[in-house]
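Here is what TrEMBL says about this protein:
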type     : residues : note
DOMAIN   : 34-497   : domain 'Major facilitator superfamily (MFS) profile'
TRANSMEM : 36-53    : transmembrane segment
TRANSMEM : 125-147  : transmembrane segment
TRANSMEM : 159-180  : transmembrane segment
TRANSMEM : 186-204  : transmembrane segment
TRANSMEM : 305-324  : transmembrane segment
TRANSMEM : 344-366  : transmembrane segment
TRANSMEM : 373-394  : transmembrane segment
TRANSMEM : 406-430  : transmembrane segment
TRANSMEM : 442-462  : transmembrane segment
TRANSMEM : 474-493  : transmembrane segment
Amino acid sequence: MMENLPQPMETRQETSNPSTFRQLLPQVLACSAKSVLYLSLGMLVGLPTLLIPDVTDPSNLNELFLDNDQASWYGSLTYIFQPLGSLASGALLQSVGCKKLMIMVNIPQFVSWIMTYYASSALVLYISSALVGLVVGLMEAPTCRYISEITHPNYRGVLTSYSTSFVTVGFLLVYALGLVTNWRNVALISASTPVLAIIVLLMIPETPIWLMSKGRSEEALQSLQWLRGWTTKEAVQEEYTKLQFYAKKQQGKTIHAYGKEVDIADEKPTVLNGASKGDHLEVEEVEERRGLKEKIRELTCKEMLVPLGKCIVLFFVSICSGLLSLRPYFVQVFEEFDLPTDGLTTSVLISVIAIVGNIVCMLIINRVKKRPLIIFSLISTALCLILLALFLMAPTNPHNNASLRWWSLILFLIVNFVNNLGIYPISWTYLSEILPYRGRGIATAIGSSFFYIVIAVGVKTYPSLEQQIGLDGIFLLYAVISLAGAYFTYFSLPETEGKFLSDIETHGKDKKIQVTSF
């Protein structure tokens, strides 16, 4: 309920035009509260990096032991169950809203942390991992939608990048905890994050658009006042009117009745009695009837399949170039190179450098644009992976050459820096930008589910693939995929930075638009 929100606007309404800082502050606070979920996400996904080396070590007298096959199942179940969570999230989101759903996902998340802490068998770890997958899927849609619906267009890009960086901070935090205690204690400490998330999420408003869709216009106005600097109704009236119109458009409705005229160019009304664009007419507020056949047609038309296919290619390349399917095995991979730092310390360094990459991306993306950043990151990654593979194949490998050990560490850091500078964060941005308006929700779920399914397959098959072609072979394979991704980006991917969504969507319909120039 909106009456439970902090209401400084009631005591400060004399300021009808709040300063830039005051406008930005509540949006930063709301994004920070939501980002506690991203922090938890990073910790959830990062824990297997601590757990797997311990439970698969035969010399460890721990009561819990997993063989390589069991460990691969534990590492991959999270990604296998994520699509189920995404489907459930899509079904729940419109009925309960972003805020309530973000609060609800913390309950199974807390249970998964406690199960991991008390785990005494592989089965308990499997259930915990599957529960994590459901949590990840459930939180994905409301977190993405929340930030896009509460932020002002002037700040949306920066705040989105700011929020996404919390995932990497979660990795860093769980690895840092792993340096000072065992994985069970890390799980117990991490159980505090869903509790913190519930507390801070209770303090922020629901999105104005969702409140409008439920007929709660007064609460929507209060939410917008809160988000724009605890200001007056008059100060947000223009944006409020636009949001009303946008909410009706999202619902697929036309406006009527009450004797008001509506320009057809502003909406998407059914053409009646030969009416044409630009005519004025009165229409009745009715739901747009879209059957299952029409929804399937929206998903299978060329205008949808082409951009969705491009997003899927970007995700596949991102997973390979960023070594995402190797993350649960990072400690073992680092041991192969006999790095000068131990596995957990290296994981901490990688997380720090990844955060730096995110920050640099946030600072330069408006000037450099997306496609050049992706191409730079992929070519740089390919060169680093080729060098790492050559180090392993050389007669003088890192195990008996101190300088190669240091160079290997530097190359791993470069790989993670450039991936978080380019391909990884930008691939998710494209998913929200280049899909057509009609069918975008379901298509987004399909794209994100593909991302996690590919990671699941990669995690599950890594042990056997490593036995077949070796770690050097895997790195060479990923290098080739990275170079192919750079080629694909240059010749097939449109530049979207600084463009309206309507202009981006036009690219999918107009083959004449050039994509090869920067």
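Any Cβ shown, glycine's included, is placed from N, Cα and C.
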Run the contact check on the transmembrane segment (373-394) against the transmembrane segment (125-147): 3 or more C-beta pairs under 8 Å, excluding pairs closer than 6 in sequence. no
The transmembrane segment (186-204) touching the transmembrane segment (36-53) per 3+ Cβ pairs under 8 Å rule: yes
With a Cβ cut-off under 8 Å, give me the same-chain residues at least six positions beyond the ends of the transmembrane segment (406-430) that come close to it. 160-161, 164, 168, 310-311, 314-315, 317-318, 321-323, 334, 337, 339-341, 346, 349-350, 353-358, 360-361, 365, 370, 373-378, 380-381, 384-385, 387-388, 391, 398, 485, 493, 496
Stretch winning on C-beta pairs under 8 A with the transmembrane segment (474-493) (pool: 125-147, 186-204, 305-324, 344-366, 442-462) is 305-324
Ranked first among 125-147, 344-366, 442-462 for CB pairs under 8 angstroms with the transmembrane segment (159-180): 344-366
How about long-range neighbours of the transmembrane segment (442-462): same chain, 6 or more residues beyond its ends, C-beta under 8 Å? 72-73, 75-80, 82-83, 86-87, 90, 133, 136-137, 140-141, 144, 295, 299, 304, 308, 311-312, 315-316, 318-319, 324-326, 328-329, 431-432, 435, 474
Do any residues, 6 or more residues outside the transmembrane segment (344-366), come within under 8 Å Cβ-to-Cβ of it, and if so which ones? 46, 49-50, 157-158, 161-162, 164-165, 168-169, 171-172, 175-176, 178-179, 330-331, 334, 373, 409, 412-413, 416-422, 425-426, 497-498
